[in-house]
Amino acid sequence: MIVGVGIDVVLVERFARALTRTPLLADRLFTEAERYTRSGNPRSPESLAARFAAKEAVAKALGAPTGLSWHDCEIVPDPDGRPWLTVSGTVAAAAVERGANRWHLSLSHDGGIASAMVVAER
């Protein structure tokens, strides 16, 4: 049963400027595993913007509760390279409160726009 659906879009150029203007912003928004590829290279602005859109989409799928920590929602590749969503702490508590225990995630970026769609199920 679907608990919620969230969709978000991010302008990549604007997001990249924000990351440049505020050097610690990436650390506040993303875990180390999100900021770097498996080989240790920094992720592209497009990739980070899509992950940020996913975090926003998760919050929307949960009804946009307050007090969620950015690090409590992590988007990293699964062994096959597909984006995988893991929740912990504040986000996991909000998910339990709403009965969400299964996630579907889609990320995309093209033409300067990054987007994400999340479906939360029980």
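Heads up, the Cβ atoms here are built off N, Cα and C, so glycines get one too.
Counted within 10 Å of its Cβ, the other Cβ atoms near Asp8 (Mg(2+) binding site) come to 19, all protein chains included. For the recorded site, Asp8 (Mg(2+) binding site), the DSSP three-state label reads strand. The Mg(2+) binding site annotation in Swiss-Prot covers Asp8, Glu56, and the record cites sequence analysis as its basis.
Long-range Cβ contacts of Glu56 (Mg(2+) binding site) within its own chain (separation 6+, distance under 8 Å): Gly6, Asp8, Val10, Ala116.
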